[in-house]
Structure formats: structure tokens, C-alpha cells
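Undergrad: If you scroll down you'll find the structure; I have some questions about it.
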Amino acid sequence: MVVSVTPRHSTGGDGIRSVTVLGSTGSVGSNTVELIEAYPERYRTVALVARRNVAALAGQARRLRPEVAVVADEAHYADLKDALAGTGIAAAAGPAAVVEAAQRPADWVMAAIVGAAGLEPTLAAARRGAIVAFANKECLVCAGELLMAEVRRHGATLLPVDSEHSAIFQVFDPERRPAVSRLILTASGGPFRTWTRERMAAATPKEACAHPNWTMGAKISVDSASMMNKGLEIIEACHLFGMPDGQIDVLVHPQSVVHSMVEYVDGSVLAQLGTPDMRTPIAVALGWPDRIATPGARLDLIKSSRLEFEAPDPLRFPALRLARHALQCGGAAPTLLNAANEVAVQAFLEERIGFLDIERVVEATLASLPHSELNDLDDVRTADADARRFASEMVAAGRGSR
């Protein structure tokens, strides 16, 4: 299960929880910072990490007063240092500095760096037994067995921040896992839920990022449009909750009110409901094991009285099939899936390939590269690099488009 039996360092001796936010200027990170700011009596910031948005990072640092602010892109180090001059806040840059920030003693770490780049800092936080609020599903997809082994070995606490896995976490009883019949992940269906394949072939990045319910970053918005996001979440749920692929189902739920469900063997189905606001699952993790108030709108069941559910269409959205196939193949297959998808999504956002070309790049990568065993982090890095190289060459050669 996700949570360790006896989590370490839930708060400091003064009752204040020290926190680090990895990926602080992204969608999840910005919402996390907003909640931390709302409770200055509960939280003290140790480190803030961003990829390259120095202006936003410096603004957050001036408000939260962390020990250090880190920009992953070393080219922006001078700008960050200048922006923090006279504040007493240390500035750092580069991948090693990101990992060092995760290693700093903080009770709670938000792991919100997008993509495989978040793996090493997430592992670093887990290895010192921190509470890790986990918003980076790609880490579990790339290296789920390795990460979960480190969580168990070091007594870390892993709390899901994806709305679906947070929902399951809130209604899943780990003491009665044999009584769980299945997990049901809900999906909005994204902006292309009713589109034909022909229409999707001409979709623009702007259309793919226009999610009907959620406000998210570009990459996860495209993944939602292709339903690859839900495929990655199936793999994530297997690792987080110890459930096999055959006991994890997906239902399309256009209203995004029921965030996911757990069905028990007696026929009972427990669900978590709420408005589509990422601040809610973030607050669940930030306050755990307590609850903290959020400023978002409350669910009005009368106005939301119509709740619809439908099966996903595997012909229009083959990403679900590809993700399940990678999970069943095991070894490096999920790592290849994730890396190829990241490359293809970026190429689509840059208008170098079409929307349906994303799945073609991913499928070809899975079919062409070996699904080797992953015994350590070096194996993960090798598989990830091989998949990125293959997918990038496919995009560059125009073989990803049709």
C-alpha cells in the first residue's frame, strides 16, 4: 500500500511541517505553493525547484523564504542569483542541485517535476524516509518496482496526488485488500471524447490542451486527450495499491465529479466525489493525516445531479491498449512507453507531427526495442535513452506521421 505503517518526521518538534516543492512553478507546484502560503503557521519551506521559470520561482521564494531555490536549467542560474540578491536565499542550478534539494531534511516533499526527469529527485526524497506527495506518475511507470522497493526499504511515505489515485487512497482499505474486487479509474474523456479519428488527425495543440474540466499543463493535457494519461495511471495504480492489471478498470465520466471508485467483493462501491480542482488532492497529501481547508468551490450535488459513465472506445483511443500491453510485457516496456510518449507529445506540441502520430511513435518504439529487465537505475536510464533516441529519429525522419 502507499502509506508506510509508521511514517517518519510528520512534523518538527515545534509542530511545523518542513516542506520542499519539486516543480514549484508548474500547475501542481503552483497550487501547492498557494496552499502552503495559506498556512504559514503550519508549514516552513526548505527548498523550491523549477525547470526554468526564474521569474515565477524567484517570486515564490521571496514569499515563502526557503533555504534554497533551484533552477534545473543551468543556463538560468545567473538570472536566479540576481533575482534573489539580498534576500539571503541561496540559489543553485543543474540536475545535481535538484537532487541535493530533494535530499535536504524536509518532512514533506511534493514531487511534481514532469516526466522521467523527476525520477532521481523522487528517489532521493524516498531514500531519506520523507513523506513524498507524488504527482509524477511517469516515475512509477518508468521505475515502479525500484521506487516502491526504496519506499519500503527506507520507511518513506508515498501519498498520491493524481486526483484518481488520491480518490482511491481515500476509500481503499489496505487491511482488507483481499476484499477488494476492483479499482475503477474515471476519465473525463478529454476534449476529443466525441471526436472521430478523422477529426483527431487534424487536431491542433491548442485544441488538445483545451480540457473541458481541468486546468493542467500542456503535456498532461495532451495525454488526457489521447487517454495515454489514463494508461499511465493504470500502471501507477498497480504499483501504488498492489493490484493486478486485471482488477483495474477505466470508465469515462464526462462530469469529472466522481474521481475514482473501489468495488468490494460484497458489491459495495466506495467513491470519492468533489469538484475538479487539483487543490483538493494536493491538500489531502499536504495535510495528511489531518485535513486542511481549501479555497475551492464546494460540490453542489443538486447542480451536479446528472452523472454519466461510459466505456472508453479502444478503437478511437488505442493508448489504453498500449499501456496495458506494456504493463503485461513488463521489464523495460513501461519505460519505453513513457519515454516515447514524452518525445512524441513534445513533437506534437511543436507541430512537428500530428495528434494521431503520437500513438504511432509509441507503438513502433514498443515493438522495436527489447523489453529488458530493469535491475537498477542505470538500466532505467539506458532504456529511457534508447526509447528517446528511437522516437526522436522516427519523428525527425517523418516516419511518425502518416
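Cβ coordinates are placed from backbone N, Cα and C, and glycine is handled just like the others.
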Undergrad: Need one residue: from Gly190, Gly217, Gly231, the one Swiss-Prot lists with Thr25, Gly26, Ser27, Val28, Arg52, Asn53, Asn136, Glu138 for NADPH.
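TA: Looking through Gly190, Gly217, Gly231, the residue Swiss-Prot assigns to the NADPH site is Gly217.
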Undergrad: Which of these, Glu74, Glu100, Glu233, does Swiss-Prot list as part of the Mn(2+) site with Asp162, Glu164?
TA: Glu233
Undergrad: What count of other C-beta atoms do you get within 10 angstroms of the C-beta of His211 (1-deoxy-D-xylulose 5-phosphate binding site), across all chains shown?
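TA: Within a 10 Å radius of the Cβ of His211 (1-deoxy-D-xylulose 5-phosphate binding site) lie 18 other Cβ atoms.
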Undergrad: So of all those binding-site residues, Thr25, Arg52, Asp162, Gly217, which one's Cα sits nearest to Lys137 (1-deoxy-D-xylulose 5-phosphate binding site)?
TA: Asp162
Undergrad: When you measure from the Cβ of Glu164 (1-deoxy-D-xylulose 5-phosphate binding site), which residues in the chain that are at least 6 apart have a Cβ under 8 Å away?
TA: Leu185, Thr186, Glu233, Ala237, His259, Ser260
Undergrad: Compute the C-alpha separation of His211 (1-deoxy-D-xylulose 5-phosphate binding site) from Gly217 (NADPH binding site), stating it in Å without decimals.
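TA: Per the Cα atoms, His211 (1-deoxy-D-xylulose 5-phosphate binding site) and Gly217 (NADPH binding site) stand 10 Å apart.
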Undergrad: Roughly how many Å separate the Cα of Gly217 (NADPH binding site) from that of Asn229 (1-deoxy-D-xylulose 5-phosphate binding site), to the nearest whole number?
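TA: Cα-Cα distance, Gly217 (NADPH binding site) to Asn229 (1-deoxy-D-xylulose 5-phosphate binding site): 12 Å.
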Undergrad: Do any residues at least six apart in sequence from Asn229 (1-deoxy-D-xylulose 5-phosphate binding site), in the same chain, have a Cβ closer than 8 Å to its Cβ, and if so which, in order?
TA: Ala187, Ile220, Asp223
Undergrad: Rounded to the nearest Å, what's the C-alpha distance separating Asn136 (NADPH binding site) and Asp162 (Mn(2+) binding site)? Just drop the number here, would you?
TA: 8
